[in-house]
Ligand SMILES: Nc1ncnc2c1ncn2[C@@H]1O[C@H](COP(=O)(O)OP(=O)(O)OP(=O)(O)O)[C@@H](O)[C@H]1O
């Protein structure tokens with residue numbers, strides 16, 4: 001739970017958001033914004049022009065021989081313009097909204113991609129902001145609306161205040177002063193509401209998580225077998241209830257404040273009525289003056305109300321846009337060297353006294369690891385569950401920086417190498433590899449997008465991973481979607497039915513994705529064979545052995561027979577390298593590697 005004070009919205013946020021939103025809207029749709037301003041001004045001018053033309057027509061009609069044809073035509077034209085303008089305003093507003101939404105969305109995702117590693121994405125508060133930021137980008141069009149509303153409110157307020165001023169300057173001052181607390185209160189309420197919205201975003205995200213579980217395919221089998229649908233549904237509803245309670249509390253607070261303000265305006269209107277009636281009784285005002293006075297008080301109050309709600313609404317939207325601003329200006333989670341290429345690996349990668357924990361609140365995962373992966377050699381890393389093997393891989397790919405110590409790429413600290421350049425030199429199969437709901441071709445080419453132009457390269461990688469025959473046998477071959485979630489392609493008359501692959505087949509695709517990056521300096525294989533059948537695993541390991549020849553690689557596997565021919569094997573235990581050497585050396589040493597290897601070997605022998 002994030003403390004409420006960390007979610008408070010400061011008074012400077014709307015101002016910064018307004019500047020950013022305006023510049024974004026202008027950059028995204030400058031021509032339409034210019035047209036929108038022109039049309040809005042014309043809308044404001046049309047009634048004035050009509051009033052003037054009407055006056056001129058009446059004046060001419062009361063003078064003999066006054067020609068009114070041109071003026072009457074002018075009246076018809078202003079009437080037509082006044083009728084057409086709202087439609088044009090609506091169209092332009094929608095166009096501006098769409099362009100600004102698109103530009104803001106692109107900028108938001110570019111900014112999210114600027115995060116070098118994973119730390120920011122693992123921060124729930126950032127995730128909340130990210131979701132609200134996406135919401136904020138969709139509300140940019142409302143800002144354009146709000147500005148139009150504020151402009152209209154200001155113009156009609158000016159008209160009514162002018163009329164009231166003629167009748168009673170003191171009463172005008174009272175009406176205007178009575179409106180000030182309402183404006184201040186609405187602004188404070190909007191800020192509070194924004195804080196509440198940020199606070200409850202976590203409930204909505206958890207609700208979304210449960211709803212995805214309940215409606216998606218991924219968890220459908222387990223949910224049905226374990227009969228946990230009702231349980232998950234109850235949790236989902238509970239999250240929504242918690243959010244509703246917080247919103248209801250806010251609504252009640254707003255109700256009390258707005259109720260109080262309504263009473264104040266009624267009192268002011270009542271006082272005004274009392275003053276007008278007594279003034280009429282004294283003969284200071286005519287009956288017509290009284291009716292005009294009342295209409296003006298109601299008009300001023302109504303237009304002030306419209307203006308206030310446009311301002312507070314605009315402020316609410318700007319506060320929601322502040323989340324967008326926070327995300328696009330967020331500092332990267334790790335310091336990154338400027339863009340550029342990383343040097344080719346010539347000597348090796350060295351972890352020097354590497355300590356790591358995921359945060360100050362988490363326990364140490366790595367406690368002084370020293371490990372060298374020499375160029376052209378295969379190093380294997382083994383260890384029990386939770387020993388820190390995958391964590392070490394993530395540090396090598398610079399998803400995090402070591403808390404202490406260094407990782408050196410040919411003697412250069414990874415922190416001094418541009419992250420993109422470094423990753424360009426690495427290929428990997430991750431233990432929790434992704435299965436993309438895309439075509440088979442895309443799934444492989446995502447390893448190196450240049451391969452999209454070279455189908456033969458994709459097929460070679462697939463063949464090396466032992467999945468080529470399977471993919472050619474699919475209804476559309478490599479272009480078959482590997483998903484049942486949606487139809488891929490635009491041919492509505494000939495929709496392509498997707499295919500679901502087995503776990504091991506997905507694993508082969510992940511391998512093919514890594515193989516397509518075969519010219520990289522360092523190959524990381526984190527449990528590449530865990531989902532494969534014994535024959536496939538044997539075959540894949542043999543191929544990987546070929547592939548590893550003279551290449552620098554780091555292999556992680558619980559199947560110790562798969563790592564026995566690595567040049568160097570290191571055992572990671574409780575965050576430290578406790579044994580290392582070749583398979584034979586480690587067996588002779590009789591440590592934990594020898595114990596685990598014999599345990600696995602015995603298991604197989606007993607079964608014979
Ligand atoms: N993102 C994370 N945030 C916090 N703790 C994490 C995170 N990822 C892993 N850990 C913790 O770090 C420790 C090491 O995890 P890691 O995945 O590196 O182990 P492993 O050796 O690869 O295990 P396995 O053999 O089960 O794959 C575990 O205790 C795990 O709970």
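Yeah, the Cβs are placed from backbone N, Cα and C, and that goes for glycine too.
TrEMBL labels come from automatic prediction, so no person has curated them.
Since we're looking at a predicted model, the values are computed, not measured.
Range 290-311 is the one annotated as transmembrane segment, of 136-157, 290-311, 312-333 (source: TrEMBL). If you count C-beta pairs under 8 angstroms between the transmembrane segment (164-189) and each of 66-89, 209-232, 259-278, the highest count goes to 259-278.
Averaged over the domain 'ABC transporter' (349-599), the predicted model has a pLDDT of 89.
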